[in-house]
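Data block below; observations after.
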Amino acid sequence: MSMKLLTTSLLMVLVLSSCGSSKKVADHSSKSSNHSKNKTVDPIIDHAISFEGTPYRFGGTSKKGMDCSGLIYVSYLEGEIQLPRVSRDMAKTGKKIALADVREGDLVFFSTSKKGGGINHVGLVVERKGGQIRFIHSTTSRGVIVSSMDENYWRKAFVQARKVI
């Protein structure tokens, strides 16, 4: 196997493993969400929400298709913040915080693989009302959607939260 083919294959495996999905995901429209008014966070959240309904596409970063880390990557660029491209590397950025302390603009990380293997999915917190945390992300089955940490699937898959801003 040539070195170029091996490198390309390894890159594909890394990107493929960076976004998990749930068979059971709630679909909550957030287009009218009243997230907190913050000059740094608002453009990031607004940009992410503009992709709601976009289909999933491995490695995607546009309205034609988006994966989970691509959504976060392009949304943070809207706030002039460059993050790593894959969720596993994003999970090393910023400050680790307790789920109880997350606010709009923070990142939530998950391990959705039944085999384990660590972080492979990321979402952006778009709303925090009382104890409810809603986040936007891209799933392989439903594309870009807003889900709640109240959903059993996401609560069990949750690994960590991080504050980047």
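Backbone N, Cα and C atoms are what each Cβ position is placed from, and that goes for glycine too.
Here the structure is a predicted model, which means the values were calculated and not measured.
What TrEMBL records for 38-165 is domain 'NlpC/P60'. Residue counts for the domain 'NlpC/P60' (38-165) under DSSP, helix first, then strand, then coil, are 33 helix, 41 strand, 54 coil.
Among the features that TrEMBL reports, signal peptide is placed at 1-20.
Per-residue pLDDT, averaged across the domain 'NlpC/P60' (38-165), gives 96.
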